[in-house]
Amino acid sequence: MTKSNLTRRGVLKSGAVAGAGVALPTIFTASSAAAYTNEPTGGTVTLGFNVPQTGPYAEEGLDELRAQELAVEHLNGMGDGGMMNTFSSKALKGNGILGKKVEFVTGDTQTKSDAARASAKSMIEKDGAIMINGGSSSGVAIAVQGLCQDAGVIFMAGLTHSNDTTGKDKKANGFRHFFNGYMSGAALAPVLAKEYGTDRRAYHLTADYTWGWTQQESVAAATEAMGWETVNNVLTPLAATDFSSYITPVLNSGADVLVLNHYGGNMVNSLTNAVQFGLRDKMVNGKQFEIVVPLYSELMAEGAGANVQGVIGSMNWNWQLTDEGTKAFVKSFGEKYGRPPSGSAHTCYVQTLLYADACERAGTFNPCGVAEALEGFEFDGMGNGPTLYRADDHQCFKDVLVMKGKDNPANKFDLLEIVEVTPRAQVEYAPDHPMFAGGDLGKCNPGA
Amino acid sequence: MDVILPQILNGLDKGSAYALIALGLTLIFGTLGVVNFAHGALFMIGAFCSVSLSRILNLSYVTEDPTQTDFLGKPLKVETPYLEAWFGPEFGGALIDWSVPLAILFSIPIMILVGLVMERGLIKHFYKRPHADQILVTFGLAIILQELVRGIYGANPIQTPAPDMFRGSIDFGAMLGFDPNVIIYPYWRMIYFFFSAVVIGGVFAFLQFTTFGMVVRAGMADRETVGLLGINIDRRFTIMFAIAAVVAGWAGVMYAPINAPNYHMGMDFLVLSFVVVVVGGMGSLPGAVAAGFLLGILESFASMTAVKEILDGIDQIIIYLVAIIILLTRPRGLMGKKGVMED
């Protein structure tokens, strides 16, 4: 007969320690056997595509997902290869990433920070995603970027335009290909001055959250530097649907330009309301009243319909560009889905290829190796001309497009035209620029 | 005055939508005693009746234009609406252009059908259940309906313009002796206000001056006694549900040109409309209408820069703030009756 050493107190202590261990989220407790979070061990590697599949940006999310699926096809050697054929780096061979077949899982951000974090966390913890890519909101991007930093995976941001994403909220594990509010302002201001003159009075309506604030600050600073005066800046609730009560004060403000720092449904409604109230037909201060939408997207233009005609804005990329990379991507995407890709689809596609290429060049999936490969990476052939992934803040620097709503569109995809391709040098800024100050990139976290 | 008048005008069209939705909500609550959180979805379905008719009238055949190319470099596919081919560009084009007003008629059978299915198929099973159950089940129904619409039409807003002749705006300022271009109001918003006034007047007249309306009002006051007189009050209440659905649908149909319809628009209006009903007084039709316009106008004033400078963010809470004040001073709302929802 053996004597048991179990005591009531001992069992309770052991239980408490074991319970705490189980309760601790596995995301923050890397296995001692793995060098980094979700190190692939089999013949496949899993990417996590976190896009809005429900909610107001679901259409944009759908387009991002189409592009991400296409990127996976190309990485695995299927289809025509798309931009892999024009990409200046030749590390990708069409045999997956580092010889492992690429698989993917998807999450629904719902364009809500908490939901986006939950879906990213689930993909990392339950599905073993090695990286997270996508999204259509700066609030979401900043939230998910923080989560990925803590979890030890790379975050390749989708559509996020706030200066803060690679400014005060930048993270070592986060990378943004999309342009930002500062770049929009820097690209737009000279064109606006040329089209509408330097003696203008601008009234801003601004979505009341991080993206709206930083875009307004950027556009106001850039236009004021050209001689414009900012008459007023009114913050509008993100949940607003009817902007008439914000637009009527514009009429007797003495302003002759309305700048709509709105995106998505906000932009569609505020622009529609502004046109309804006859702003486009007004003459103020002896000048034709003008409306500016600093950040355009094809899907927004489609929602706003004829109201975008003649309205100037900016974009990260557009399918009408004529470089070889754009042509290859538009052909692949168009033949598969029957429509040209949107700007957010392009950025998600490019981010997926850039991540895969960085893994190949680094020879590892370790986030710190991948981050090192991306930092300071100069590339071309992805539709934006020569591009730099700056090491200081993980922001891509490339040409920016100034767009204008077409007067006589031939079809629903033909709503915008390229007015100018603003060269990269004109939209660059110092890493310690005051609009991007306050953040710390920190150190790469491999999660182990 | 040139600052205040535009906000009153803005408040009127916003208030019109609130009033129409709140009127339907109150009709349903007053007759069936049901707190219908799916009522905003009826407003949204009405707006999508405009979208649907516009798409039906725009049904097109496709021809290839070899002189132009699409984004893939293939011959451009040009769509020509059948109506324009059959009736000529002028008459066919005019029919398409008038799709929103025509949708008022198009929406009637659809809204009646949706209302009847909703009431007979689901809500009638919850008449005797607590209000919390009714709210939960109708809220769930609203989510299902909006997701169905999203599945069919997508999440993007869909522009549904008013007829060309109503797309401009009127210079009220110049008419009233102010500087031109200072007080401008879009024609369609003015039409929306008058349309709402006619519908609200029509519903009141129907309830006040018809035998059917008299029976319904009697049933609202004392359902049991009316039933004892041998009148099938349930049938009449079901018809009132359908009428309330049509009213909400019409509010949505005519709202489509003001803001591009999207699947979420019902939810955007629902909560505010409930506040309107509560402020007006549960079960009070005139209260719902009065509170709709009152809160619409107050919301517009709260959006003024001068007001926001005094209290930042007031535009987001003004309706709830007013609701709290009114309920503290008049617990039954502006025109609420004793005994309604007080058990």
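Numbering starts at 1 and runs along the chain as displayed.
Note that Cβ sites are derived from N, Cα and C of the backbone, with glycine treated the same way.
Please treat TrEMBL annotations as automatic predictions, because they have not gone through curation.
Annotation comment: TrEMBL describes B:15-35, B:42-62, B:98-123, B:135-153, B:190-216, B:237-258, B:270-298, B:310-328 as transmembrane segment.
Comparison of B:135-153, B:190-216, B:237-258, B:270-298, B:310-328 by number of C-beta pairs under 8 angstroms to the transmembrane segment (B:42-62) places B:237-258 first. Contact check: the transmembrane segment (B:98-123) against the transmembrane segment (B:237-258) gives at least three Cβ pairs closer than 8 Å, residues 6 or more apart, which meets the contact criterion.
Listed stretches B:15-35, B:135-153, B:190-216, B:270-298, B:310-328 were compared with the transmembrane segment (B:237-258); the greatest number of C-beta pairs under 8 angstroms is found for B:15-35. Ranked by the number of CB pairs under 8 Å to the transmembrane segment (B:190-216), the listed stretches B:15-35, B:270-298, B:310-328 are led by B:15-35.
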